[in-house]
C-alpha cells in the first residue's frame, strides 16, 4: 500500500499527500493558510467530516467556509451544544435530551421542574456567547456502547442513557462523543474546530415539549435559538422574524376571516365562506392545470382494511400515525382512515389490464387524508390532522421517465412562478440500503438528471438521500421575505409495482413492471394556503382573492346603481360585494383596505350618470374613473386563472 494518496478537489484538480494527514493539515499545506483559517468542515467522498479527521485513502474533498450556505447548519448544531453546556452550568441538576439544528436555528430539550423564565433565557444567552469568546475546541472521540451507558449514568442523564441503549439495540458498537471544555454530548457530527467559529448566538423563546412527542412521557423545556457568523446577519434575521409575525397565517386567518379551529376537532380547519373560496380557487386551478396536462382525476375510498397497508408496508412502519377504526365484525381495529393516496391508486391501476400503449397513465386526486399527528406538533394550517394533497401518480415505462419528469417540472415551474415563488432543486440519489441493482439506479438517476439538465435547471446533488425504493427530486421554494419551504416532490418508485403486482403488456406481448412516479406541487392544500397567506401578507392577487372588488357609495342615493353593478359583475363570475352598512364612505374604504380587497369601487353621482366606477387598488393607487365595461375588462385580465 502506497504511503501517498490522491485528493481530488471540486474543480477537478488533484493533489498528493501522505496517508494519515488530517484534513486541516492538508488544506494548510497543500491549498493555503487562508482557506485553512476559514475552513469549518469538509465533505469527503460525500460524507461530512471534522477537519481533524485523517485522510486514509484516495478521496474527493470539498471544504466549507462561512461563505458556504451549508455552514450555517453546522454552527447552529455547534450552538445547540454550547447552549446545553450553558444551561447545565447555570442550572445544575438540569438533564439534557436532544438538540438538533433546524431550518433557521436550533432547539435543545431539557428536563427540569421549573419552566425557564425570560430572565433565565437572557442569562443562558449571555453565558452561551461567553463560551464563544473562550474559543474552546470541539474534540471528537469514540467509545463503546457500554462505556457510553456508564458515562451518562454517572452524570445522572437518564434520557441520554435511554437513547444510548436504543442505539445499542439497533446494533451499534461504538458511540461518537464531542467535548468542548468539560461538557460532553454524543452526536454524529461534524462540528467546527472550536466554539469561536460561531459568531453570535441568540436565544429566541422556550416552550414545553413531551419527551419523544408522547404526552404520556415527561414534559421537557425546549429552548429555541439561532446562530450566525456576525451581528449583521442576526439583525437581518430578526427583522425578517418581525415581518414573519405580521404575516403569520394564524393571525391573518382570523383578521381576514378565512378559517378557524376548535378543540373538538384538533388539527382540522373550519373554512369560512371566504376561506372556502380561497381553497376551492386553488383546487379548481390545480384541477384545470392537471386536466390540461393529460391527467385524469380519480377518487378512492376514505377507509381501508389493514390488508392494504400490509401490502404497501405501512401497517408495520406507519400504523401509529393512522387513525384506526373498529371493525364491528371482528371487534378489532382492522380499518384505518387513509393517511396517503399511493396504495389506493395502485389498487386502481390493477383493476384493468394495461398495454404499453396505455402508458403513461397519470392519476390525479384531491382526496381528504388523515394523519394522527401528535397534539403538540399541530400548528395552524402548516401541521394538521385532516388535509388534502394535489397528489398524482404516474405509471410509465422506464423509457418514459425523463419525459415525464420534464413534463412535471414544467408544470411545477408554471405554478410557482404564477404565485411569485422561486425555488431550488435537490436531487437525492441511491442510499446504502436500497432495492434493485446498480444498473437500475444508474438508469433512474440518469433519467432524472437528464430531465433537469434539459430544462437548464441547476440542482444540488444529495448523495445517499434517496428513498430505498428510488431516487427523488425535491423543490424548496423561497417566499417574499426569503423563507424556505419544502413543497414539491417527484419520487421514483420501483418497489410498489412489485408489492402490488402491477404490470403492463409490452410490445413483445410479455408482462413488464411499470415505474411509479409519485409527485406533488402544492404538497397539502392546507400548508400551501398557509404559505400563500404569509407570502402575500393576505393581499392576494385578484384571481385568488376571496373578494375581488367591493363597491362603496358616497351617499345612499347611489345604492340602487351599486347593486346593479354588483349583480352584473357577479353574473359574469366575479366575486364582488357591495358594502351597504350605515358607515361613512371613508370608513368603508378603510375596511376594504384592512380586508386587503384588490379593488375598491367608489360610486358617486358622476359615476352613476356616466355608468362608471372609480377603482382604487389595494395599497392606495387610485385609477381614473372608467366605464363599468372597462373595469370589467381590467378585472377579466387580472382575475383569470394563470
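Here the Cβ of each residue, glycine as well, is placed from N, Cα and C on the backbone.
Lifted from Swiss-Prot, the feature list:
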| type | residues | note |
| --- | --- | --- |
| BINDING | 342, 393, 518 | Zn(2+) binding site |
| DOMAIN | 1-65 | domain 'TGS' |
| REGION | 248-541 | region 'Catalytic' |
Neighbour count (Cβ, 10 Å) for residue 518 (Zn(2+) binding site): 22
Secondary structure tally of the domain 'TGS' (1-65) (DSSP, helix then strand then coil): 15 helix, 27 strand, 23 coil
All-chain count of other Cβ atoms within 10 Å of residue 342 (Zn(2+) binding site): 18
Around the Cβ of residue 393 (Zn(2+) binding site), the count of other Cβ atoms that are within 10 Å: 25
Env. residues of Zn(2+) site, Cβ within 8 Å of mean position of 342, 393, 518 Cβ: 340, 341, 345, 346, 391, 392, 491, 493, 496, 516, 517, 519
